[in-house]
Amino acid sequence: MSSRMAGSAILRHVGGVRLFTASATSPAAAAAAAARPFLAGGEAVPGVWGLRLMSTSSVASTEAAAKAEAKKADAEKEVVVNSYWGIEQSKKLVREDGTEWKWSCFRPWETYTADTSIDLTKHHVPKTLLDKIAYWTVKSLRFPTDIFFQRRYGCRAMMLETVAAVPGMVGGMLLHLRSLRRFEQSGGWIRTLLEEAENERMHLMTFMEVANPKWYERALVITVQGVFFNAYFLGYLLSPKFAHRVVGYLEEEAIHSYTEFLKDLEAGKIDNVPAPAIAIDYWRLPANATLKDVVTVVRADEAHHRDVNHFASDIHYQGMELKQTPAPIGYH
């Protein structure tokens, strides 16, 4: 009798193990199999462990499926919005060589090859009182800039471009408002000045890839931009010929700064690192272009802006309005 009782106990334990190791065709069957040894008085730990493992796996798969469904729903919603407004973003732009275009801030047809053959030595000799005021105003601004940045031309270029991008936007905005008020065209000068502002902004986006401004330099940018925007706005309202002359002299100083930048690059004082990808695409530079190539094309852009603003000032000095002379649209 005692041997039968011992055998029954052994069979119960063996049965618990067999119930756990038997393959279940569904999670419900597995759960039932895990529960039997516990009800029969056997060890329940293996069955519970298996149930928990399968439960965790099931939860993970459910969460993954839910995320996939949410992502799919968002994609469908975006497509619906684009289709509703008629603005399709699915078409990918490509370069001339067929590779994908990765920039959203400018398009392939907005790129160009800079004209580096432009005369960099041109200078407008100040003759009138307003010209002299404009000239010495710019010269006075150069002195504190030299002290603050010294030979750190990367950060100096960053500061310069945050200022240089303001006049074109202010002038274009005021001409735009004037065109609306007077119901007259601008002779293309609105577009020319806004192109200048955009070009200067792209200079800034480029140098932000190679310069690492400190927090106080960023704070200085905010201060200088705020002061200069309002000052130039008032100056343009009072005297457009004076405002354009100031920008012409600012661009002459920019040419000088970038020339010094190039000298330090050639002397090895500044590392001639590879050109940022955004610069290679924007100016259509070769794939192996360097920082020196970038500074060279930026300097050429500044020379073109110098010519445009001195030209605009000369138009006003001759007693004409800008609309009377066709604007040099796309003059790079």
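Residue positions begin at 1 at the first shown residue.
The backbone N, Cα and C atoms fix where each Cβ goes, glycine too.
These numbers come from a predicted model, not from an experiment.
Annotated Fe cation 1-binding residues in Swiss-Prot are E200, H203, E302, and among E161, E253, E260 the one listed with them is E161.
With E200, E302, H305 listed by Swiss-Prot as binding Fe cation 2, the candidate from E251, E252, E266 annotated for that site turns out to be E251. The Fe cation 2 site is defined by E200, E251, E302, H305, and by the 8 Å test on Cβ atoms against their centroid, the other residues of the chain that qualify are A164, E196, N199, V247, L250, A254, D301, A303, H304, R306. For the transmembrane segment (219-239), the list of distant contacts is 130, 148, 158-159, 162-163, 166-167, 170-171, 174, 213, 246: same-chain residues at least six beyond its ends, Cβ to Cβ under 8 Å. In terms of Cα distance, the binding-site residues that sit within 10 Å of E251 (Fe cation 2 binding site) are E302, chosen from E200, H203, E302.
Shown in sequence order, A157, L160, A164, A165, N199, R201, M202, L204, A254, V298, D301, H305 are the same-chain residues outside E161, E200, H203, E302 whose Cβ sits within 8 Å of the Cβ centre of the Fe cation 1 site. Neighbour density for H203 (Fe cation 1 binding site): within 10 A of its CB lie 26 other CB atoms from the protein chains shown. Taking Cβ-Cβ distances under 8 Å and a sequence separation of 6 or more, the neighbours of E161 (Fe cation 1 binding site) in its chain are E200, R201, H203, L204, F207.
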